[in-house]
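To keep things clear, I will list the structure first and then write my remarks on it.
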Amino acid sequence: MAGILAWFWNERFWLPHNVTWADLQSTEEAAFPQAEDLYLAFPLAFCIFMIRLLFERFVAKPCALGLKVQANGPQKAQPNAILEKVFTAITKHPDEKRLEGLSKQLDWDVRSIQRWFRQRRNQEKPSTLRKFCESMWRFTFYLYIFTYGVRFLKKTPWLWNTRQCWSGYPYQPLMPDLHYYYMVELSFYWSLMFSQFIDVKRKDFGIMFTHHIVAVTLISFSYVTNLTRVGTLILCLHDAADIVLEAAKMANYCKCQKLSDLLFLTFAVVFIVSRLGIFPLWILNSTLFELYEALGNFPALWVFNVLLMVLQILHCLWSYLILKTAYKAISKGKVAKDSRSDVESSSDEEETVPRSKAPHSTVATNGTSGANGTNGYLTGATSSEEH
């Protein structure tokens, strides 16, 4: 184990030439980032998650009810043992052949069976109230941490001159405010990493999970290597757009469509300017060129830049989705709703009782083999949100 740790913490990988870990040990005169500090993120992540639960219950929920946010979930499908067995054991999206078989077996028309499956799928989707509470929590956190970051950074020289990020590196003392900023951000992303499995499921779950992994890795990596100055710039820059996005979601859940549209278009502008403009021209330019000029070449530098490039690829993917949604908004005069988690809808959704000639009590299913594809009756709209 000692050999593995010695190999992993090889100074020639992590640090510039002629710098050792002993040089970066904290003393009474100056504190430096220590790898063991990262363990603090786990209890802090748990605390943040508990604060979130209390916030959603005692702050966000009363606010949502006061704003008349719909508290009830989607309408439930009427109980039916045969259809329930098909839904849970075979497919949630029966094809035309299976629908015809079920129609003969139950003596229901095909349209009623399609409606039942749609309502049954919607049952498993979250209520608007739950989505509002989740968005309000994220809005509050992003607003707080962004405000903190701006107040901290405006007092630093590297906000106005990125070359100051590398001045005196790696012998840059760790300021208490910077330490707090890093630990809170890291803890929040750890909490998101785990809570994503119980949060409202989005269509971009895979991309978001990748984003959280990259974010946690970048924060941890930059802390250990004391690349914290440029790290604070990256954190603050990314929090700006998220505030507007969560505000747009809340306005949408409150049925303030014009406000939601305005906020979404504002988010699109802020996101694209900050992540396709400022991030590559300001951050990547500094880490790719200014850092190399100041310190030369060492392996950790390139790993750091590769992670930043992966983050930029994610920015490009999200920007494509955002522009696609904005184009639809302009062409239709209305921003699409949060279709990654919204319930399915149709013109006949208000009809809840299936039409039948003679209700059956049989519990047997027909032997028709069915594909696990959609029947084309309903399809979701394009996602309008980043995360």
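Even glycines carry a Cβ here, placed using N, Cα and C.
No curator has checked TrEMBL annotations; they are predicted automatically.
These figures come from a predicted structure and were not determined experimentally.
Here is what TrEMBL says about this protein:
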- 85-128: DNA-binding region (DNA_BIND)
- 362-376: compositional bias 'Low complexity' (COMPBIAS)
- 83-127: domain 'Homeobox' (DOMAIN)
- 130-331: domain 'TLC' (DOMAIN)
- 338-387: region 'Disordered' (REGION)
- 38-55: transmembrane segment (TRANSMEM)
- 180-198: transmembrane segment (TRANSMEM)
- 205-224: transmembrane segment (TRANSMEM)
- 262-282: transmembrane segment (TRANSMEM)
- 302-323: transmembrane segment (TRANSMEM)
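Along the domain 'TLC' (130-331), the predicted structure has mean pLDDT 93. Remote same-chain residues near the transmembrane segment (38-55) are listed as 136-137, 140, 183-184, 186-188, 190-191, 194-195, 220, 223-224 (criterion: CB distance under 8 Å, separation of at least six residues from the stretch ends). Long-range contacts of the transmembrane segment (262-282) within the same chain, counting only residues at least 6 positions beyond its ends with a Cβ under 8 Å from a Cβ of the stretch, are 162, 233-234, 237-238, 240-241, 244-245, 247-248, 251, 312, 315-316, 318-319, 322-323, 325-326, 329, 335, 384, 386.
Residue counts for the DNA-binding region (85-128) under DSSP, split into helix (H, G, I), strand (E, B) and coil, are 31 helix, 1 strand, 12 coil.
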